[in-house]
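Enquirer: According to TrEMBL, the record shows the following:
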type	residues	note
DOMAIN	14-393	domain 'Major facilitator superfamily (MFS) profile'
TRANSMEM	12-33	transmembrane segment
TRANSMEM	53-72	transmembrane segment
TRANSMEM	79-99	transmembrane segment
TRANSMEM	105-126	transmembrane segment
TRANSMEM	138-158	transmembrane segment
TRANSMEM	164-188	transmembrane segment
TRANSMEM	209-233	transmembrane segment
TRANSMEM	245-265	transmembrane segment
TRANSMEM	274-293	transmembrane segment
TRANSMEM	299-318	transmembrane segment
TRANSMEM	330-347	transmembrane segment
TRANSMEM	367-385	transmembrane segment
Amino acid sequence: MSAPQYNQGAAVWPILAMALGTFVLGLTEFSSMSMLPLIAGSFNVTPALAGNVISAYAIGVVIGAPLFMLLTNKTNRRTALIIFTAMIGIGNGLSAIASSLPELVVYRVLSGLPHGAYFGTALLVASAMAPKGRRATYMSKVFAGLTIATIVGVPMATLVGQNLSWRVCMAIVATLALITMFLIYRLVPSSPVTNPTRIREEFGVLKNKLVWSISGIIFVGFGGVFCIYTYLADTIINVTETPEITISIAMMMFGIGTTIGNLVISKLADRSPLTTTGIALLCSVAIAIMYVFAATNIWWLYITVFLLGASVGLAAVIQSMLLDVSPTGHAMIGALVQCAFNTANAVGPWMGGAMLASGAAFNETGYASALLFLGGFGMWALSYLQMRNRELLPAAQ
């Protein structure tokens, strides 16, 4: 895709339209987690069984990310975004009227299918619009929709679910998806793919060891975020021992940290993405260990959770690095990143759960988190060595 020249003012509205789409995706993914007890009660099943709804969405993401990125390889990027948002709207609309849990599981798979492809395509469009030296910043602005969803969207969706119904919440998400579809049609410029990559070239990206080592930062390192986040509420109830309202405040602090981290880290990464990533990972190791001891005091816990959320700002930076080191196969890169995040979302809670099963306290999941962040730093070090051997460090930095 050629990179047309946009001034900063002209790019604002297209970026906002695409960011609304990532907001919707954040809402549909994370609000279902907060409303899981409501879904279980609605179908008269155990929370463990209702958890299949969460797994179903993740399965949809993993399947759909590479599939749809490849199927739309030659499709105008704006058209692809319109198709993806329509699917998101339909999937959530059907979820709102599901008559049984198995039916809802099927609809959640459908809802998850376009998730990764939307992110990948939107970030590619933002990257093409960005002036030289501003790629990470533009991509982070699109990604900001997801982080804002964690601050505003998920708490509000939970409130709607508790006072009305989880079905109403999913219907609202479906409506927002359709509004996003219209805004993309009106505001995002046509983005034809002038030099579509062949399928063989897309898969050829997977032969690049550097792509795997950089992606490994997400596969392993970001598991540290989910390891703590999954058991945060249990930590507050059982270790911090403060009122339940503090759980909502802690979740909000995480979201605020994510938003600020997304903006600050991307600014730093415009100059030095590789160095910024390495330093941020080491800081995350310290934050995870800090969490173990901060959990006994709610104010220190708020600060720690805020800092943990800030580490999520690495997401857009890592994808930007992947685009830098791979001249072709950008569609597959976008799909790979989303698969990596969903894998991390499984690995983190699993490691935390393993620690709890061995008798550890809830706050001690911070140790498992630190180990995962350290593993992410190991993948960063491997990436650094590979870049140095290939003499890519000047370009990456």
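Glycine residues also receive a Cβ, built from the backbone N, Cα and C atoms like all the rest.
Just so you know, TrEMBL annotations are computer predictions that nobody has curated.
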Enquirer: Any residues 6+ beyond the ends of the transmembrane segment (164-188) with a Cβ under 8 Å from its own?
Expert: 13-14, 16-18, 20-21, 23-24, 27-28, 31-32, 35, 38-39, 42, 78, 81-82, 85-86, 88-93, 95-97, 125, 157
Enquirer: Please identify the stretch among 245-265, 330-347, 367-385 with the greatest number of Cβ pairs below 8 Å relative to the transmembrane segment (209-233).
Expert: 367-385
Enquirer: Establish whether the number of Cβ pairs under 8 Å between the transmembrane segment (330-347) and the transmembrane segment (53-72) reaches at least three, counting only pairs separated by 6 or more residues.
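Expert: Yes, since the transmembrane segment (330-347) and the transmembrane segment (53-72) share at least 3 Cβ pairs closer than 8 Å, they count as touching.
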Enquirer: Looking at 12-33, 138-158, 245-265, which one has the highest count of Cβ pairs under 8 angstroms to the transmembrane segment (53-72)?
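Expert: The stretch I would name here is 12-33.
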Enquirer: Taking residues 6+ outside the transmembrane segment (12-33), which of them lie with a CB under 8 Å of any CB in it?
Expert: 39, 53-54, 57, 81, 84-85, 88, 92, 108, 111-112, 115, 118-119, 122, 125-126, 129, 138, 141-150, 153-154, 157-158, 161, 166, 169-170, 173, 176-177, 179-180, 183-184, 186-189
Enquirer: Looking only at the domain 'Major facilitator superfamily (MFS) profile' (14-393), report the model's average pLDDT.
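Expert: Per the prediction, mean pLDDT sits at 85 for the domain 'Major facilitator superfamily (MFS) profile' (14-393).
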